[in-house]
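*Asks:* Below you'll find the structure I mean.
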Amino acid sequence: MASSLDAHLRSECGNDPLKQQVAETIRNLAGAAVKLRNKIIAGGDGMGQARGGTNAGGDVQKELDVIADRVFLEAAEASPLAYFGSEEQEGAVALKPDASLAMAIDPLDGSSNIETNVSIGTIFSILPVDEEHRADPSRVFRQKGSRQLGAGFFIYGPQLLLVMSMGNGTHVFIFSPGFGGFVELKTSIAIVDKANEFAINASNYRHWDQPIRSYVDDLLAGSEGPRERDFNMRWVGSMVADCYRILLRGGIFLYPGDGRKGYAKGRLRLVYEANPVAFCIENAGGKATDGTTSILDIEPEGLHDRTPLVFGSKREVERVARYIADPSALAERSPLFGKRSLFRA
Ligand code: F6P
């Protein structure tokens with residue numbers, strides 16, 4: 001029998017009191033995810049309906065976004081957390097004043113997919129709370145992602161999965177209704193170095209900067225282009241699902257900044273989307289950047305900051321950085337291949 005989430009968490013923490021609190025928080029999140037999954041399964045037409053407002057980040061808020069926020073806030077209240085920062089709320093919610101942890105969360109990732117019965121998720125990031133944060137709570141969610149003590153995401157799909165890391169490998173657990181909890185599905189995932197698939201919302205092609213266009217042009221040119229092999233494309237529209245696929249079989253995900261109003265730094269949020277995903281990806285041997293800089297090294301200015309995001313197989317992510325950093329190399333390659341894009345006449 002595979003080991004349970006509980007057993008795994010116990011073995012990760014040993015006697016470290018701070019890790020034990022992270023583990024207790026993850027246990028509570030797992031309980032909340034099962035609750036939310038049951039609500040999703042029970043369905044009801046209303047879940048994908050817009051509530052007529054937008055959240056703190058300006059996205060349309062749907063009924064399930066609000067339900068998810070409530071379910072995870074309850075789990076947070078039961079956990080050793082001093083602060084809860086959610087995509088669905090403007091500011092951080094203060095919880096237990098003396099607790100040593102804070103959690104940032106996207107309660108419902110992939111909201112545009114709710115009514116279509118495509119996988120959706122919850123993404124979480126657990127951070128330490130030190131004296132400096134108690135003195136100035138506005139700094140709690142301005143910590144770099146490299147300071148995360150635990151991070152991960154749930155996927156509500158054909159299966160309910162938990163992908164998580166406490167800094168010692170990235171592990172996957174599956175909810176087993178028979179067992180009544182999560183059991184280990186994959187331990188210490190290692191992302192393959194060579195990417196064969198890419199994920200990007202190609203409808204934004206005309207808004208991208210030239211390096212991103214050139215990179216994608218070269219992927220699309222396949223065996224006839226400079227890469228000399230073919231690539232497949234997948235875009236679920238729920239980052240959790242794209243991330244899990246990349247953990248399993250390699251590849252690359254890009255949500256770059258683009259020329260649309262409000263999209264200079266892309267769409268994704270640094271603190272509760274990019275950071276936890278980057279933590280899981282890097283703990284599985286992959287890489288996550290904003291194009292050039294490691295996501296985990298970026299100092300957020302606020303809870304709802306956006307960041308361009310590129311993650312996946314290490315070599316491929318490094319290649320994107322070369323396209324961005326060295327346009328002269330691109331100029332050399334473009335006379336031959338620049339005209340081949342499927343997007344250009
Ligand atoms: O808001 C987050 C998110 O839903 C991600 O899960 C997903 O990868 C992305 O946005 C989809 O964006 P778009 O609708 O621009 O394709």
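Easy rule for this one: first residue shown is 1, then count along the chain.
Cβ coordinates come from backbone N, Cα and C, glycine included.
Sequence annotations record features per position, and here TrEMBL assigns Mg(2+) 1 binding site to E87, D106, L108. If you look up TrEMBL, you'll see D106, D109, E273 marked as Mg(2+) 2 binding site. Annotated substrate binding site per TrEMBL: D109, G110, S111, S112, N201, in sequence order. Residues or ranges marked as domain 'Fructose-1-6-bisphosphatase class I N-terminal' by TrEMBL: 48-184. Here TrEMBL flags 193-323 as domain 'Fructose-1-6-bisphosphatase class 1 C-terminal'.
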*Asks:* Within the chain of S112 (substrate binding site), which residues six or more apart in sequence place their C-beta under 8 angstroms from its C-beta?
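*Replies:* Correct list: G237.
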*Asks:* Work out the three-state DSSP category of G110 (substrate binding site).
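*Replies:* For G110 (substrate binding site) - judged by DSSP and reduced to three states - the answer is coil.
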*Asks:* Reported in the order helix, strand, coil, what are the DSSP residue counts of the domain 'Fructose-1-6-bisphosphatase class 1 C-terminal' (193-323)?
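*Replies:* Here the numbers are 58 helix, 19 strand, 54 coil.
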*Asks:* Which ones in the same chain are close to S111 (substrate binding site), with CB under 8 Å and 6+ residues apart in sequence?
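*Replies:* Listed in sequence order: D59, V60, K62, L64, D65, I120.
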*Asks:* How many Å lie between the Cα of G110 (substrate binding site) and the Cα of E87 (Mg(2+) 1 binding site)?
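*Replies:* Approximately 12 Å lies between the Cα of G110 (substrate binding site) and that of E87 (Mg(2+) 1 binding site).
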*Asks:* Output: those binding-site residues from D106, D109, G110 whose CB lies less than 6 Å from an atom of ligand 1, in sequence order; none if no residue fits.
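*Replies:* Correct list: D109, G110.
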*Asks:* Do me a favour and check the Cα-Cα span between D106 (Mg(2+) 1 binding site) and N201 (substrate binding site); whole Å is fine.
*Replies:* 20
